[in-house]
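Trainee: Would you mind keeping the following structure in view while I ask a few things?
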Amino acid sequence: MEIKNWYELTFEIETNLEEIIIWKLNELGISSYAFEILLNNKNNKKVIIWLPHLNWPESLRIKLVRNIKEVLDKNNYQTNCFEWNLIEQEDWISSWKKYWGPEIVGDNLLILPCWLELPEEYKNKKVIKIDPGAAFGTGSHPTTSLCLEELEKISLSSKKILDIGSGSGILSIAARSFGASKIYSIDNDYLAINSTESNFRLNFGNLDNLKTYLGSFDGLVSKYTLKNFDFILCNILAEVIKGIIPDIRNCLKIDGEVILSGILNSQKDEIIKLLKASNLRINDVSSKKDWVCITAQKIP
């Protein structure tokens, strides 16, 4: 179904609340948003959220504002200034494009919006082209960049990869760019699956090394034979990760590794405890801002 119109919600927050708002939006399954620095008040930022018109009736929009206000109230910030606008597809495209530019991640990766030319100074970078569509993961958020930086460290040549919560497909594309031979991508949102396939084709011209599955990870594991993976990439909410760690272990080959992101610092210890309880050895823990990425390995 083609999205024709979008609701645009704007409000202001203190700059230090950006990460907690991102976490809340991710928890609510909202992935089209941006933050804008205010020139007249550099201690605050404007939050812009875009929502597909047909999926967000008034009752859900009221509930969304209530959820955001609760988060802000808990962090000692009060506002009642929430502004809604209904915008057409063309206006939405021009709105979010202005927040995009080339994004360097790690040592060698460049995330490039598909409508931009590759700048001359980045010719030596490994380029991942992205058409974000409804913006399911771009590389700019710490959870995604942490995963990409971990992928740079390891040898993926001829490896079999599972990407749980593929979103825009950015991690699947990076894995293939680093030499993975077969990528299996899972998401429970059909728009994300479409985005994964579209962006994979944009980068490689075909889908020969990609297989996609629409549905929840635990449901797909029981339906299909998803086993013997060298690496599993999982950039989703920690609350979801907690419930699927045993299934993740079962999908890995012996000595296979999982890269987990989407974890707040405050959630790290609990996730590590659950990984160890499932006989997954912690190999690496990295952090950026309030977020943590954990790499763990299946041991006999």
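In case you wondered, yes, glycine gets a Cβ from its N, Cα and C as well.
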Trainee: Which residue of D187, D189, D208, D269 does Swiss-Prot report at the same S-adenosyl-L-methionine site as T144, G165, N235?
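Mentor: Between D187, D189, D208, D269, Swiss-Prot records just one in the S-adenosyl-L-methionine site with T144, G165, N235, namely D187.
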Trainee: Among all the protein chains here, how many other CB atoms are within 10 A of the CB of D187 (S-adenosyl-L-methionine binding site)?
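Mentor: I count 26 other Cβ atoms within 10 Å of it.
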Trainee: Mind giving me a neighbour count for T144 (S-adenosyl-L-methionine binding site)? Other Cβ atoms within 10 Å of its Cβ, every protein chain shown.
Mentor: 25
